[in-house]
Amino acid sequence: AIRKKSTKSPPVLSHEFILQNHADIVSCVAMVFLLGLMFEITAKASIIFVTLQYNVTLPATEEQATESTSLYYYGIKDLATVFFYMLVAIIIHAIIQEYVLDKINRRMHFSKTKHSKFNESGQLSAFYLFSCIWGTFILISENYISDPTILWRAYPHNLMTFQMKFFYIAQLAYWFHAFPELYFQKTKKEDIPRQLVYIGLYLFHIAGAYLLNLNHLGLVLLVLHYFVEFLFHISRLFYFSDEKYQKGFSLWAVLFVLGRLLTLILSVLTVGFGLARAENQKLDFSAGNFNVLAVRIAVLASICITQAFMMWKFINFQLRRWREHSAFQAPAVKKKPTVTKGRSSRKGTENGVNGTVTSNGADSPRNRKEKSS
């Protein structure tokens, strides 16, 4: 008898396999770097990825503490550290998705559109809350609140504490991890441009503050911005559970405008006045001094343009909500147009990031019930 050869093909890394097991694949890659610390041959290479680089030990002085302190500056090796913690961010993202958000989604029976928005707000609200607490702890520990002149005094701030540098490494790692997550989470094509815009804005400003040694100002602005964004996404999560919930969005709208004003005030005060009056205004790459007129104008221009762009999106979003709400409140002869406008009103409330409205369809609980029926 002739035996038939097996027709089964060996397992390959197909598209569906990577999507379903991406957390396990990333975990294996991260474990390779951790296991490399256990062997002397690979320890020198692995330590670049796992631990912070470029540390400087300052001797103790009589005026300060009796113990020596370790400070850090940035360099090209930070890219390896950012890559490793990007893998850690992907793993944490998958854990939150599987053990928290997916369980809530199964209980609430959200529609596909609402499901993606709930996942987005759930992930971002957890990140914003963690970053706000961490950043506030750094602000308090380094006396930024009691002495605001630290934002520009003794520039360049090329030496950072461990907490400060690790905070920036974690921020860069998180926003870099958002790019592969677009693939892992099967993001819709119409949502990808919006996602790329705000991911790129985050990376541009965080990396700019880090490379230009404006880490003090960047930390304050990030904590302020993250707090406002956390309020928006947590309000959207509550809205998904109960569509009558609107108070959180009203409070967010007020704080959003105040946040933009405070961002502009702190930026102009630090860059336009504080650094402009500093004695050392010479470009020096070795010392990390970028306090020259061209750089200051570029920094203020980028901040002002970004804030104006966000306010423009926010105003358009609020005007659209107001028009749809007014149309819904106006008496109508026919019932069908009234129901349609009501749907669009609810749709406009829950869409968007930073006040931007996406092109996704209506995903309110009533629409979900009608679709399921």
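We number each residue from 1, going along the chain as drawn.
Cβ coordinates come from backbone N, Cα and C, glycine included.
All TrEMBL annotations are machine predictions without curation.
Between the stretches 22-46, 122-146, TrEMBL puts its transmembrane segment entry on 122-146. Taking Cβ pairs closer than 8 Å, the transmembrane segment (196-213) reaches residues 74, 155-158, 168, 171-172, 175-176, 178-179, 182, 219, 221-222, 288-290, 295, 299, 302-303, 306, 353-354 in its own chain, all 6 or more past its ends. A Cβ distance under 8 Å defines the sequence-distant neighbours of the transmembrane segment (251-273), meaning residues of its chain 6+ beyond its ends; these are 151-152, 214, 217, 220-221, 224-225, 227-228, 231-232, 235, 296, 299-300, 303-304, 307, 310-311, 314, 318, 355. Ranked by number of Cβ pairs under 8 Å to the transmembrane segment (122-146), the listed stretches 166-184, 219-239, 293-315 are led by 219-239.
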